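Novice: For reference, TrEMBL lists these features for the protein:
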type	residues	note
DOMAIN	1-317	domain 'Ionotropic glutamate receptor C-terminal'
TRANSMEM	100-119	transmembrane segment
TRANSMEM	161-185	transmembrane segment
TRANSMEM	337-358	transmembrane segment
Amino acid sequence: MVQGYCIDVFLAAIKLLPYAVPYKFILFGDGHKNPNYAELVNMITSNVFDAAVGDIAIVTNRTKIVDFTQPYAESGLVIVAPVKKLRSNAWAFLRPFTPLMWGVTAAFFLTVGVVVWILEHRINDEFRGPPKKQIITILWFSFSTMFFSHRENTVSTLGRLVLIIWLFVVLIINSSYTASLTSILTVQQLSSPVKGIDSLITSNEPIGYQIGSFAENYLIEELNVAKSRLIALGSPEAYRTALEKGTVAAVVDERPYVEIFLSDYCRFQIVGQEFTKSGWGFAFPRDSPLAIDMSTAILTLSENGDLQKIHDKWLNKRGCGSQSSQNQSDQLQLQSFWGLFLICGIACLLALIIYLCLMLRQFSQHYTDSSEPSRHGSSRSARLQKFLSFADEREEIWKSESKRKRMEMLSRANERELESMDGSKRVADICHEKYNVDT
Ligand code: GLY
């Protein structure tokens, strides 16, 4: 008696052929050890078998020597690794963000606080005072925006612009943090040191694979994994023992086998994504018309739902293995937010540049208007100091000083005009007297 999932698919498909095909199953392998699938395929080319019916993955090396039917089952390599439950602890609130995300968020809170302080300092009494008080104001203002509870009013247009953009960023960050923290605290978290194929390759840990499977070749030839790291395992029990004892860090195998394995062993999980896409098909000699007719039959089985029924009969084992773990999916990465930070950073930078340009213009106007001779000959550092104290001055003081200077200059100009008018009158009188003497 030969039976199983692949045999049922084969029998259902062959019944759909418009002609009778006599067949006889010949077992391959000793019934205990996993046979080599590549060898099985080779035996078709060497005419030992007329065809191969089984869970044979359709891979390039094999399609070069035999013809496959359409795949009757989806397959693909996945990684299975031991996982442990992450208990919620006092620091669970830090888990929604990666350390980098926390760092950049804190840096932006401070940056926005400093930028708003610069923009408001000259015109807003709430951002003035002794240096210590101003530092506290910056810190308090920036971190209170986290809860939209800042009490300092922003009065400058640029300050308001920066703040409104920043509050939008804070809104998104807050809601993402809340959603992620909720899922961390409510959904069972599973963690594994292996996060996916990349971390597995770079870890240099031993990797298990199914004896006889194409996975061995794929790992060596496509992923450049050293052969010495690969450990052949022959049964689900061998997988369990190797994973439990740490003989292998993870096992790489096709998804259908892994799903059956996980339905019995709940302490392991699929980690990362499926990293190859393939399927299982029946192999026939090159140019065999049976490969085409069986493909048509398999498609018919797929369309009428019989293929799914056979799959459910043999492979739909219920268990804990159906939940695949996405260890990293709950952590919010900087990648998801850099756009927001970029917008906010550009807004801060533009506001500062505009503000600096306006101040430089005011400063040069102020000192061009100034008539004090000592100011013209001042050194670069003295000029910088003057600029800094000008930047620190309240704008109204500067405006009233400018106004006072303009008034002074105006009155001085008037005086000079009067004096010159006086002078010309005296000259006119002298001329008049001289004229009288002459005549
Ligand atoms: N399903 C294992 C292989 O085809 O190599």
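Cβ from N, Cα, C; glycine included.
I'd like to know what surrounds each of these features in this structure.
Specialist: Long-range neighbours of the transmembrane segment (100-119) within the same chain, counting only residues 6 or more positions beyond its ends whose Cβ lies under 8 Å from a Cβ of the stretch, are 94, 127, 134, 137-139, 141-143, 145-146, 154, 156, 158-159, 162-163, 166, 169, 173, 332-334, 337, 341, 344-345, 348, 351-352, 355.
Taking Cβ pairs closer than 8 Å, the transmembrane segment (337-358) reaches residues 101, 104, 108, 111-112, 115, 118-119, 158-159, 161-162, 165-166, 168-169, 172-173, 176 in its own chain, all 6 or more past its ends.
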Novice: For the transmembrane segment (161-185), what are the same-chain contacts with Cβ under 8 Å, counting residues 6+ beyond its ends?
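Specialist: Residues 88, 92-93, 95-97, 105, 108, 112, 115-116, 119, 145-146, 148, 154, 330-332, 336-337, 340-341, 343-344, 347-348, 351.
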